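Structure first, commentary second.
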Amino acid sequence: MTIPFYKYHGTGNDFILVDNITNPNVTCPHDPELIKSLCHRKFGIGADGFIFLEKSGSYDFEMIYYNSDASQSLCGNGSRCAVHLASYLGIINNVADFLAIDGPHQARIQDNLVYLQLHDVSTIQMMGNDYFLNTGSPHYVRLVQNLVETDVIELGKSINASQSFQNTGTNVNFVQLEANNQISVCTYERGVNDETLSCGTGVVAAALVASQKGYTSPVYVVTKGGELQISFCKHNTAFSNICLVGPATQVFQGKITI
């Protein structure tokens, strides 16, 4: 069977996307071994994650996301890419109401940027001098003085493997506070087992932590893959109307035989 696919990236966070909606005669299976092999950067197409667009009742579509190790989670940058592809395929115009692993989301495309609404965050937990919160995926946040000198991979692996997260693991974000309401962020992603150039739910977590240090909405985030913007409403340690804003880029299209 030959399956069309689309390669996307959202600020360097890259994905393989498959449309299981518009061509009912060709359906790609949710096979963990297939997902892992296609995401492999030496023996496959190469990607941080794999995304299926599926039909979903009253919603425009369902986005089903797999990390490169075939584990599932919410992916903020992947969601923005899925919305862009849905618009490209004519599934939506420029506004989407879609379903993901953590429930419904709304999004829109405006001025070549994708605006993704995320769920409310009820609290930020202190863990020593660091922070932990869930923005659709679990995120550990550590503020650092010098991001360039921070060993993101080794420290990220160590925190992810620590006793506190031995059952579920966690993504780990290292954040340097900058001037003018800007922060710089590097993220170790648990489902990729490596640093990624950008993590959507991670930069949201970082921005909300920055708000605890006096930063106000919108917070501008610099990652190795590009720039993102986070807006929100703050209520003490709770947050609502959280929006992740950034570009989604279709890199190329292709076909795979399985």
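Placed from the backbone N, Cα and C atoms, the Cβ positions cover glycine too.
Bear in mind that the values here come from a model prediction, so they are computed numbers and not experimental data.
Residues annotated as active site, proton donor in TrEMBL: C75. Proximity of C75 (active site, proton donor) to non-local residues of its own chain (separation of 6 or more, Cβ distance below 8 Å) is seen for N13, F15, G49, I51, Y65, N67, S137, G200, T201, given in sequence order.
Under the heading active site, proton acceptor, TrEMBL lists C199. In three-state terms derived from DSSP, C199 (active site, proton acceptor) belongs to neither a helical nor a strand segment and is classed as coil. Its own atom aside, the Cβ of C199 (active site, proton acceptor) has 35 Cβ atoms within 10 angstroms in the protein chains shown.
Taking the Cβ of G76 (substrate binding site) as reference, residues of its chain lying under 8 Å away and at least six apart in sequence are, in sequence order, L116, L118, T135, G136, C199, G200, T201, G202, V203, V204, L244. Residues annotated as substrate binding site in TrEMBL: N13, N67, G76, N77, N171, E189, R190, G200, T201.
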Practice task
Could you list the residues of the same chain, at least six apart in sequence, whose Cβ is under 8 A from the Cβ of R190 (substrate binding site)?
Solution key: N67, S71, N160, G169, T170, N171, V172
Problem - Cβ within 8 Å of the mean position of the Cβ atoms of N13, N67, G76, N77, N171, E189, R190, G200, T201: remaining residues of the chain near substrate - result: D48, G49, S73, C75, G78, S137, T187, G191, V192, T196, C199, G202
Handout entry: Sparsest-packed among the binding-site residues, when each Cβ's other Cβ atoms within 10 Å are tallied, from N13, N171
Key = N171
Fill in the blank from the handout: In three-state DSSP terms, G76 (substrate binding site) is classed as helix
Practice task
Give the maximum pairwise CA distance in Å, whole number, for the residues N13, N67, G76, N77, N171, E189, R190, G200, T201 listed as binding substrate.
Solution key: 15
